[in-house]
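S.K.: Could you have a look at this structure, given as C-alpha cells, before my questions?
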Amino acid sequence: MSITAQSVWNNCLEFIKDNIQPQAYKTWFEPIKAVKLTDNALSIQVPSKFFYEWLEEHYVKILKVSLTKELGEKAKLVYIIKMENTYGNKQPFTEKIPSSNRGSVKAQDVDIPLNNKSPELRNPFVIPGIRNVKIESQLNPNYSFENFLEGDSNRLARSAGLAVAAKPGGTSFNPLLIFGGVGLGKTHLAHAIGVDIKDKYPEKTVLYISAEKFTQQYIDSVKKNNRNDFIHFYQIIDVLIIDDVQFLSGKSGTQDVFFHIFNHLHQNGKQVILTSDKAPVDMQDIEQRLLSRFKWGLSAELQNPDFETRVSILKNKLYRDGVEMPEDIVEYVAKNIKTNVRELEGAIISLIAQSSFNKKEITIELAKQIVEKFVKNTKREVSIDYIQKIVSDYFQMDVDTLQSKTRKRHIVQARQLAMFFAKKFTKASLASIGSQIGKRDHATVLHACKTVDNLSSTDKQFRKYVEDITKKLSV
Ligand SMILES: Nc1ncnc2c1ncn2[C@@H]1O[C@H](COP(=O)(O)OP(=O)(O)OP(=O)(O)O)[C@@H](O)[C@H]1O
C-alpha cells in the first residue's frame, strides 16, 4: 500500500487519540486536514494562526512522537493556516509555517565567565574564564503589551508592568509580583514586560524562566557539582522573570539558592519579576525570609476580567486572526465564560474551527453547543459550595450546621474537612475559603488543613472519612 499524507496522518491520529482527552482530540485534532507529503515532511492544514500556536504550545511533543513513528527521525511537520471566512468578503488565505519555528526575541550577547562545557546550551549557567556567550531571553514576542488588553481587572498590574519596563530596576516595584487565578494572563504580562524592556534597552540581559525549570537546573547543578556556577549565571542577569514561583513551595534547597540570587540582583539594582497563582500571604511552605522579600516591591493581582474586557479580548483576537464574527455571538461567548481567558479564547477558536471546516455557519446554536462543553469542563472543577454540601451530607448534617460557630467535635471536624478539601480541590486562597466556610480567617483554614493532615496519618477512622469524601468529590 502506498504511503499518502492521509494514511500517515490517520496513523498519527490513532496514536494521538489514545493519548489525550477525547474533548481535546475533538477540538484540536479533528479539524485538521492532511494536505501533502513530500519526502519526510507532512503538511497539515489548520484553521487559524491561534490554532497553530495552540498545537505548538500544547501538543508539539505528541505530534513529534507520532510523526517520528511514521516517518522516522527526519520527520518534519509543516502547518498550513487556512482561514475560510464565512463572514465578510475577505478571500481565504494560507500561510505556511514549519513546526517549532515561532519567532523569538533575538539572542543577546553578554560577557559571562565560561567553562569548557557545551557553549551551545540555550541557558548556559556554568562557566569559569571569560567568553562571549549568547543568552536567549526565552521571551515570546507574541505576548506583548499591545495585545494585553486593559480592563479594571488588570489595570494596576498592567500599569506597574509598564512602569517597570520603562525603568527596569529603577522603580519601587522591585520585585514586581503578579498573582492571580488560572489563565488570567500572568505569563502573558510577564513576557510583555520582558519584551518591552528588550525593545527599549537591547543591551540589557533579560531572562524568562519558569520556576519549575529553574528548580530543575538547580538540581542538575548540584548533581554536577557546579552550584556556584549556577548562582553566578543568574547573578549577571539584568532582568530576571520567574514564572509560577508557588512551584518553589516545599523545595528548601531551591528557595535558598533563589534567596541568594534575589539579594544579589536586588542590591545591584537589577529588576526581578515574579508570577504566582497565589498572593504571598497564601503561599505555603515558602520560607519567611523569601516571602518577606516578595513583599518588598509590589504585589499586583490579576482578577477575573469583567464583561467589557472579555468582549475586547475576543474582538482583538478575532481581529488578529483576520476573522469576523457577529457581535451577538462574541457577546454570548463573553457572557458565558467568565473566569479564564484561556478558555474564552479556546471557545472562540473551537467555534472558528467548527465553522470553517465543517462549513457550518457560525450561529448562536453552534456557539451554545461549544460554550456548553467549555462550561461543563470548568464546572468539573469542584466549587467550595459543592464541597460543603458533600461533606455535610456525608456527616448527615446541613450546611448551616457545618458553618456554625459550635465547638462540638464532630461538627468542627466536618468543617475542617471541608476547608481541607477546598484547599485541595480549588484554587481559592485560604482567606477566601475561610470567608466561604463559616466566615473564618485564613489562619483557621491553615490550622484546619494541618489538623486534617495530622489526623489522617494517626487516626484510622479519620483517614477513612478523608478517603470516602475524596471518592465522592472525584466522581
Ligand atoms: N488582558 C488580556 N488581553 C489579551 N489576552 C489575554 C489577557 N489576559 C490573558 N490573555 C490570554 O489568555 C491566555 C492565558 O494567559 P496566560 O497563559 O498568561 O495565563 P496564566 O495566568 O499565566 O495562566 P496559568 O495560571 O495557567 O499559568 C493567553 O493566551 C493570553 O494571551
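Indices start at 1 and increase along the chain as displayed.
Backbone N, Cα and C define each Cβ position, glycine as well.
Sequence annotations record features per position, and here TrEMBL assigns ATP binding site to G183, G185, K186, T187. Per TrEMBL, the feature domain 'AAA+ ATPase' maps to 172-308. For 383-452, the entry in TrEMBL reads domain 'Chromosomal replication initiator DnaA C-terminal'. Annotated region 'Domain I, interacts with DnaA modulators' per TrEMBL: 1-86, in sequence order. The region 'Domain IV, binds dsDNA' annotation in TrEMBL covers 356-475.
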S.K.: Most Cβ neighbours within 10 Å: which of the binding-site residues G183, G185 is it?
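M.R.: That would be G185, with the highest Cβ count within 10 Å.
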S.K.: Please spell out the DSSP helix, strand and coil residue counts for the domain 'AAA+ ATPase' (172-308).
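M.R.: Final tally across the stretch: 69 helix, 26 strand, 42 coil.
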S.K.: Helix, strand, coil: count each for the residues of the region 'Domain IV, binds dsDNA' (356-475), based on DSSP.
M.R.: 91 helix, 0 strand, 29 coil
S.K.: Counting all other Cβ atoms within 10 Å across every protein chain shown, which of the binding-site residues K186, T187 scores highest?
M.R.: K186
S.K.: Counting each residue once, how many in the region 'Domain I, interacts with DnaA modulators' (1-86) are helix, strand and coil under DSSP?
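M.R.: Residue counts in helix, strand and coil order: 44 helix, 20 strand, 22 coil.
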S.K.: Just to confirm my parser: what is the rounded mean pLDDT across the domain 'Chromosomal replication initiator DnaA C-terminal' (383-452)?
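M.R.: Its mean pLDDT is 92.
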